[in-house]
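Here's what TrEMBL has on this protein:
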- His92: active site, electrophile (ACT_SITE)
- Glu162: active site, proton acceptor (ACT_SITE)
- Asn8, Trp9, Lys10, Gly168, Ser207, Gly228, Gly229: substrate binding site (BINDING)
Amino acid sequence: MRPLIAGNWKMHGSLSEARALAGAVAEGKVQGAELLVCPPFPYLLPVQGALAGSTVALGAQDCHAAAKGAHTGDISAPMLKDCGAGFVILGHSERRADHGEDDAAVRAKAEAVLAEGLVPVVCVGESEAQRLSGEAEPVVAGQLAGSLPEGFAQVHGVVAYEPVWAIGTGRTPTEDDIAAMHARIRAELAARFGAAGGTLRILYGGSVKPGNAKAILALPHVDGALVGGASLVAADFLAIASAV
Ligand SMILES: O=C(CO)COP(=O)(O)O
C-alpha cells in the first residue's frame, strides 16, 4: 500500500498563508508517498484551487454526523465533498478533549463520511497516564472497536495512532513502542475486517519531524504519518514525505 503523509493544519494560518503553503506542497514532487493536506474549513476551497493540477489530496478536520439540518456552526460531509475534500480527520484527541467527542460520536461521524464516499481518518491514542499504567494497547483497541464503522474497510479507511502525550510536545514513544502499537492495531483491524484489514493504512502521529520521520516510517505497520506542527512549514512537510 502507498504510504500517506497527511498534514493536519489545525486552527493555524491566514488565508494567504494557507494558499502559499498549499502551493508549495503542490510543487513538492514527492515520489513514493501520497500527500494530503487538511486546512481549516474556510480555506478548503482556496486550498483546493492552490492544489489544482497536483496529486496532493484535500481533507477536512471534522464533520457533523448528520447530512444536513438545524446545526448552527456545523459542517456536513456532503458540504466537504462539495468543496473537494476526499478525506476527513475524525476523533482527533483535540476534538475528543475540546468537544467531548466519544467513540460513539466519532463512529456516527465516520458513518456520515462513508455515506459520501469520503475516506475517514480515525484518530486513536492513549493519554500519558494510560501509557504509564500499561493500558495503552487495550485503550486503543477499545477506541477502535467503538469508533470504526462497518464499511470502514470498503472505503480504505485510515487509522491514525496519535498518543495524546506526544502531540505538540516534541516527545515520541520509543520505536519499539510505536511498532508494538501498530502491530496491535493491525491485529485489531484484521480481526474486525478480515483480509481487508491487512490493507488499511495505519499512520503514526505525534511530534513527527524531518529528523525522526525516516526511523518512524521504516517501522513495520507504519504506513504514513499524520503531521501537525511540521506540516505548517512546506519544506519540513516535504522532507517528512521524502523520508518514506
Ligand atoms: O496532532 C497531530 C496531528 O494530528 C500531531 O501534532 P504535532 O505533529 O504538532 O505533534
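The backbone N, Cα and C atoms fix where each Cβ goes, and this holds for glycine too.
Taking the features listed in TrEMBL, we show where each one sits on the structure.
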residue	record	Cβ contacts under 8 Å, 6 or more apart
Asn8	substrate binding site	Cys38, Gln61, Ile89, His92, Gly205, Leu226, Val227, Gly228, Ser231
Trp9	substrate binding site	Ala18, Leu21, Val37, Cys38, Pro39, Pro40, Tyr43, Gln61, Ser231, Leu232
Lys10	substrate binding site	Pro40, Gln61, Glu94, Gly228
Glu162	active site, proton acceptor	His92, Ser93, Cys123, Val124, Gly125, Tyr204, Gly205, Gly206, Leu226
Gly168	substrate binding site	Ser207, Gly228, Gly229
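Looking at the residues that bind substrate per the record, Asn8, Trp9, Lys10, Gly168, Ser207, Gly228, Gly229, the two CA atoms farthest apart are separated by 14 Å. Among the binding-site residues Trp9, Lys10, Gly228, Gly229, the residues whose Cβ sits under 6 Å from any atom of ligand 1 are Gly228, Gly229. Under DSSP, Gly229 (substrate binding site) is assigned to a helix (H, G or I) in the three-state scheme. For the recorded positions His92, Ser207, Gly228, Gly229, the ranking by surrounding Cβ atoms (within 10 Å, all protein chains) places His92 first.
DSSP assigns Asn8 (substrate binding site) to a strand.
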